[in-house]
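Enquirer: Quick one: the structure is below, questions incoming.
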Amino acid sequence: MNATTVPVAAAIHPYYPLGVHIPGYVDNDAFIKDYVFPFLSSWLVIMGAAWQVSRWATPKLKTSDRLTLCWFFLCGLIHCFFEGYFALNHARMGNAKDLFGQLWKEYALSDSRYLTSDPFTLWMETITAFFWGPLSLVLVYMISADHPLRHPIQAMVSMGQIYGLLLYYATALFEHYYNGLTFCRPEGYYFWFYYVAVNAVWLAIPGPLLVHSVHTIGKAFQQLKDTASAAKPQANGHIKHD
């Protein structure tokens, strides 16, 4: 594991486990209100913009599909740019001073693995950024165009998001209960809001979307099967009676 520790007395940062080595660490130079709240507020702005543009471009789209389109647009931007930033800059996160760097350092108060190039966290975020991110943006088009591959891709992306989240939670729990390592500060705010609530969004929304896509795909196959069964008597030269 990469989260090696140094003597607690030598620690110059607020992250857990106490004394974890964070290469080149420097404190954030902005207040939390200057980057966290604007970042979270931007989610609403992005969703609102996607909603308005989709109303203009595809006025006949169902409300549920329009909401799904907005969700995947938001996912695509977060996965590609915010998580992509981490994937490309993980080795210098400790001294990052730009907006995304300071956001990641703030979030890392709930999970210091983001500042230590933890292998699981790095690869999980890399896959998310370079696979689920672009596919989320592809889904924006597929939903607006009523593309026949919309539900297979939607099921795949939603399953990937859920699977990554469950592994993310599970690996931290394993380290906590099996190895006695805690990556989150003791304050409840960091655990329940940053670590649990913010991440749980990628279970609460992809879960129903996955169920919906599986149901839709199953229904399509059943209709195809019924059509083939109805056509079979006629193909054999028989007349089908009610």
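Using the three backbone atoms N, Cα and C, a Cβ is placed for every residue, glycine included.
Worth saying up front: this structure is predicted, and the values here are computed from it rather than measured.
Reproduced below are the annotations present in TrEMBL:
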- 64-210: domain 'EXPERA' (DOMAIN)
- 35-57: transmembrane segment (TRANSMEM)
- 69-88: transmembrane segment (TRANSMEM)
- 120-141: transmembrane segment (TRANSMEM)
- 153-171: transmembrane segment (TRANSMEM)
- 191-211: transmembrane segment (TRANSMEM)
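Neighbours and distances for these, please.
Expert: If you average pLDDT over the domain 'EXPERA' (64-210) in this model, you get 96.
Sequence-distant contacts of the transmembrane segment (69-88) (same chain, at least 6 residues past either end, Cβ-Cβ under 8 Å): 43, 46-47, 50-51, 54, 61, 100-101, 103-104, 114, 122, 125-126, 128-130, 132-134, 136-137, 139-140, 143-144, 154, 157, 161, 205, 209.
Residues 50, 69, 72-73, 75-76, 78-80, 83-84, 86-87, 90, 111, 113-114, 147, 150, 153-154, 156-157, 160-161, 164, 167-168, 171 of the same chain, all 6+ positions outside the transmembrane segment (120-141), place their C-beta atoms under 8 angstroms from a C-beta of that stretch.
Long-range neighbours of the transmembrane segment (153-171) within the same chain, counting only residues 6 or more positions beyond its ends whose Cβ lies under 8 Å from a Cβ of the stretch, are 68, 72, 75, 120-121, 124, 127-128, 131-132, 135-136, 138-139, 142, 199-200, 202-203, 206-207, 209-210, 213-214, 217.
Residues 68, 71, 107, 109-111, 154-155, 157-159, 161-162, 164-166, 168-169, 172, 184-185 of the same chain lie 6+ residues outside the transmembrane segment (191-211) yet bring a C-beta within less than 8 angstroms of a C-beta in it.
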Enquirer: Could you pull out which residues elsewhere in the chain have a CB under 8 Å from any CB of the transmembrane segment (35-57), counting only those six or more residues past its ends?
Expert: 66, 69-71, 73-74, 77, 99, 102-103, 106, 140, 144
